[in-house]
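J.: Below you will find the structure I want to go over with you.
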Amino acid sequence: MRIYPLEKSLNLTIDDIAADKSISHRCAMFSLLSDKPSRVRNYLRAGDTLNTLKIVELLGAKIEDNGAEIIITPPQKIKEPNEILECGNSGTAMRLFMGLLAAQDGFFVLSGDKYLNSRPMARIAKPLNEMGAKIDGANNANNAPLCIRGTKFERFSFDSKIASAQVKSALLLAALYSNGCKFSEPELSRDHTERMLAGMGANIKRDELEITLEPMRSPLSPLDIDVPNDPSSAFFFAVAALIIPNSHIILKNILLNKTRIEAYRVLEKMGAEIKFHKTSSKYEDIGDIEVRYSPNLKGIEVSENISWLIDEAPALAIAFACAKGQSKLTNAKELRVKESDRIAVTINALKQCGVDASELEDGFIINGSEAKFATIDSHGDHRIAMSFAILGLKCGMQIEKSEFIATSFPNFAEILKKMGARVEDRAC
């Protein structure tokens, strides 16, 4: 992908941001928890979430997609598939399916692309196996392909040492099909799983950082949901509005869950002009986000609620690079094991652009600098590619391996063009 510098300000409303990826994954998976059809509108039709939908179909569900909505009719009982369940590039899909399938009757194999199969899975496999699951794979079940022989667990308690929505969700799904659990975490992680399970009728309660879940005695209620647009995907364009002079963007129908908009709160602390307009609430708070050009962004130190902004960190680094002074992100070691080593890849790419930046073991330091055109390697990481596309609106950018953008945001390049950007996107 080649991006050329913008020659005008951005003044538009964007209503076609990609649907929320986290919610879409869960809509497909959690439809299996009911005995009636779930109806899902605005499902994310991107590589990762379409793979999840395909897996649900292989597990026995009937999928009807009429364009306006997807109707998922669950099987009476999750069936043992006769082929490998391919998760593509999605760690969320693989880790949540590990929990869901660990308590089913049958044999299942989860795999993904070369990037996903190199990512760590022991954080899920180890606690599940300690509770009685039978999960095996390379390097003591740390890498896919993973083999799962379903079994029922006794009731368990688990005190997580990390704030991870994926660890939490996997264990809750396994417990739901077994004998329930108590789960505690050091700080609140993304809570979509708890919200959606409660909305479907599960007996789940939260007391500060502890969750109590009772086993599923009967099927849950089906979903009937309009998936909101993804705040992580919208964040790229929020950063664009902040750094392109005289810009004003309204981002429509965005998920406003507090565990998903922390990166916007960081921008506000840096001096960004951002307004939130809540419009509706069912399973989640939804609304519009209004962002204006903010020429006086100042550096900041960020060390708290990192799990709430982990996906936005590469784009946040672009905002840091365009701010005045030094910014520092710490407690973000999780970035090392995402689709790429996002600390190393982000900092190396910024250096190529002439930005004064350095790695920390658990984050990075960035001094605001004038960026210049560069050819950067995204290392097959969709969020790296999109983040540097946004920087390219200021200084131009050539991005290698940009085809991975399609795993989460198929119409990203089209929105850039609608904004007035000149984009050569043969890879997309």
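Even glycines carry a Cβ here, placed using N, Cα and C.
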J.: Record says Lys21, Ser22, Arg26, Ser164, Gln166, Lys338 bind 3-phosphoshikimate. Source is Swiss-Prot. Which of Asp136, Asp311, Asp362, Asp377 does it list for that same site?
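T.: Only hit among Asp136, Asp311, Asp362, Asp377 in Swiss-Prot's 3-phosphoshikimate site, alongside Lys21, Ser22, Arg26, Ser164, Gln166, Lys338: Asp311.
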J.: If you count Cβ atoms within 10 Å of the Cβ of Ser164 (3-phosphoshikimate binding site), leaving out that atom itself, what do you get?
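T.: Excluding its own Cβ, the number within 10 Å is 20.
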J.: What whole-number distance in angstrom separates the two most remote CA atoms of the phosphoenolpyruvate-binding residues Lys21, Gly91, Arg119, Gln166, Arg342, Arg383?
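T.: Max Cα-Cα spread across the phosphoenolpyruvate binders: 19 Å.
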J.: May I ask which of the binding-site residues Lys21, Ser164, Gln166 is closest to Arg383 (phosphoenolpyruvate binding site) if we compare their C-alpha atoms?
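T.: Result: the closest of the binding-site residues to Arg383 (phosphoenolpyruvate binding site) is Lys21.
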J.: Tell me, how many other CB atoms lie within 10 A of the CB of Gly91 (phosphoenolpyruvate binding site), whichever protein chain they belong to?
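T.: For Gly91 (phosphoenolpyruvate binding site), the 10 Å Cβ neighbour count is 21.
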J.: Using other CB atoms within 10 angstroms as the count, which residue among the binding-site residues Lys21, Lys338, Arg342, Arg383 scores least?
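T.: Relative to the other binding-site residues in Lys21, Lys338, Arg342, Arg383, Lys338 has the fewest Cβ atoms within 10 Å.
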J.: If one measures from the C-alpha of Gln166 (3-phosphoshikimate binding site) to the C-alpha of Gly91 (phosphoenolpyruvate binding site), what distance in angstrom results, rounded to a whole number?
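T.: Approximately 9 Å lies between the Cα of Gln166 (3-phosphoshikimate binding site) and that of Gly91 (phosphoenolpyruvate binding site).
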J.: Count, for each of the binding-site residues Ser22, Gln166, the other C-beta atoms lying within 10 angstroms of its own C-beta, and report the residue with the smallest count.
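T.: Per-residue Cβ counts within 10 Å for the binding-site residues Ser22, Gln166 bottom out at Gln166.
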